[in-house]
Amino acid sequence: MQEFFSIQGLTTLAMLVLLQAVLGFDNLLYISIESKRAPEDQQSWVRRVGIVMAIFLRIALLLVIMLLIDKVKEPLFKLQLPNPFASASAESGGPAEDPTEAAAVAGQAEEAPHTSRTPATSMAQAAHDAHDGDRPGGASYLFFGEFTLHSIITLFGGAFILYTAVKEVLHLLAVEHIEHGAGGKDSKSVAMVVTMIVIMNLVFSFDSILSAMALTSHFSRAPAFWLMAVAVVLSGVLMIYLADTVSDFLKKNRMYEVLGLFILFIVGVMLLGEGGHLAHLTLFSYHVEPMAKSTFYFTLAVLVVIDIVQGRYRKKLLAQRAGELGEHDHI
């Protein structure tokens, strides 16, 4: 435990808690939206129970991933559909793409941005690039995927979040939303809501655990586990504290609920891109590439700014219209 209480250990713990808090924002947003499906008098209890259960399952997942990290990233199966037009292009003298040359060019192009990385991350990236070189060329397949457990979980989570966001937006636009409200026919049982919160919490935590393992790679196994476990507990306590606040804010400011749903939509797209990249997914001869984190956060910032500006402009128009009506009544 000497490593845990060292300055380096405590600094790493602070970084892990900050990482969990930043990466847990979309998780908190999902919890706030999903908990509305429960009966109103039990929503706060549902959020807390779901988060507490997820904390214990996160720690168990952390232990499993640490023990089976190599298995998590091993390919489980392949799916591929050859491109019939590629062979036709080669027979007609067209420039058919050579998979080996394409992989070599891609590897050379990827080397430059990673030169400033640490030796450990450079070795990991080199191994990833070497595996990337095994991917078929863009013109060889209409569909290709080499699926690992990590990529399957990420793809499933992204698809489900995308489905949830679209379904909620359509629900907000429907007439039934006005007639029935949150406790109408779309309400779920408490057990169902808690189950969904726990499952999606685990999906969201998968990438954060892998990121945390990268931060603690210079520690031995036992201190690294306890650092990550304590960070999971602290971030979970923070999430319990903020869950009611976020839910109350969305309830009092219903216009921001739409913003939250579109943020979830972007999170789903980002997870699909990341899962597709992990699976070396090729669709119609194009490789799926992940969304850059800088692009993700910039998009979120733009959405928030647009929503704030629109809200203030709407208030200004309403005040101006009220003033005009007051002058008309006075005349």
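Cβ from N, Cα, C; glycine included.
Caution: TrEMBL annotation is automatic and unverified by curators.
The compositional bias 'Low complexity' annotation in TrEMBL covers 88-110. Marked as compositional bias 'Polar residues' by TrEMBL: 115-124. The region 'Disordered' feature in TrEMBL is assigned to 88-132. Residues annotated as transmembrane segment in TrEMBL: 12-33, 45-69, 147-166, 187-204, 224-243, 255-275, 295-313.
Beyond the ends of the transmembrane segment (187-204), by six or more residues, the same chain brings 23-24, 26-27, 30-31, 34-35, 37-39, 42, 45-47, 49-51, 53-54, 57-58, 61, 153-154, 156-157, 160-161 to within a C-beta distance below 8 angstroms of the stretch.
Away from its own ends, the transmembrane segment (255-275) comes close to residues 26, 29-30, 32-33, 151-166, 168-169, 172, 207, 249, 281, 288-291, 296, 299-300, 303-304, 307, 311 of its chain (Cβ-Cβ under 8 Å, at least six residues beyond either end).
Sequence-distant contacts of the transmembrane segment (295-313) (same chain, six or more residues past either end, CB-CB distance under 8 Å): 255-256, 259, 262-263, 266, 270. Same-chain residues lying 6+ beyond the ends of the transmembrane segment (147-166) with a Cβ under 8 Å from its Cβ atoms: 30, 33-34, 71-79, 200, 203-204, 206-207, 210, 261-262, 264-265, 267-276, 278-279.
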